[in-house]
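Database features (Swiss-Prot):
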type	residues	note
ACT_SITE	93	active site, proton donor
BINDING	37, 59-61, 91-100, 217, 235	substrate binding site
């Protein structure tokens, strides 16, 4: 587990995406990623504008947005990212052969490679998925892009553990610049081989322990102390009866204090 500061890691990181993210985390004093699963552009933009000051990263499932358009959804989203200084992570979870994911990432309705700083992929189809996604990014935009591999999940009964997780780590090693880290529940090592992977952890809650659909929550202190760099929080920020401003600052503060404790 890394006890170096975000700023120290940013200065040495081989990925411009990871370096930018680590720097803005240091500047804003936040390691909070907001996961906003809402159905309309209006809901999304309103929540993003409210939570923007507290987050380093916005996680989208863009295919949930019923009225999606590049001009109506993506352009104002990017303006808000600039206004509040956060980055965008489209949680697409690619899981096909290289040529197919290349097209899925760059083409179709969503054109993800054009606007998402970061996306993610399963390791189930092998290292070709990394190659395909990287090619799509290079052919689509001059802006740097980063990929997270899904090493572990927070849902009950997940098959992503043991040999599967280790195999995914080996796939990540095939591209030091493009693969910036993992969706995982703990540190994934690699430092002795020269890797500095960012660990982003979903299933983080200060109040709830889970839901009826198999989600399992862990506390902020627990995930950061076991190696998480970025806490991913969804309904805890904006569910019914919650004030996103209050919860945004609450989770930002909890995440930052846990990080400072880890660095001591």
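From the backbone N, Cα and C atoms, a Cβ is placed for every residue, glycine too.
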These are the binding-site residues: 95, 97. Which one scores highest on other Cβ atoms within 10 Å?
95
Looking at the binding-site residues 37, 60, 91, 217, which sits with the largest number of other Cβ atoms within 10 Å of its Cβ?
60
Starting from the Cβ of residue 93 (active site, proton donor), draw a 10 Å sphere and report how many other Cβ atoms land inside it.
14
Can you tell me the CA-to-CA distance separating residue 99 (substrate binding site) and residue 93 (active site, proton donor), as a whole number of Å?
15
Between residue 93 (active site, proton donor) and residue 60 (substrate binding site), find the distance joining the two CA atoms and give it rounded to the nearest Å.
11
DSSP three-state call for residue 91 (substrate binding site): helix, strand or coil?
strand
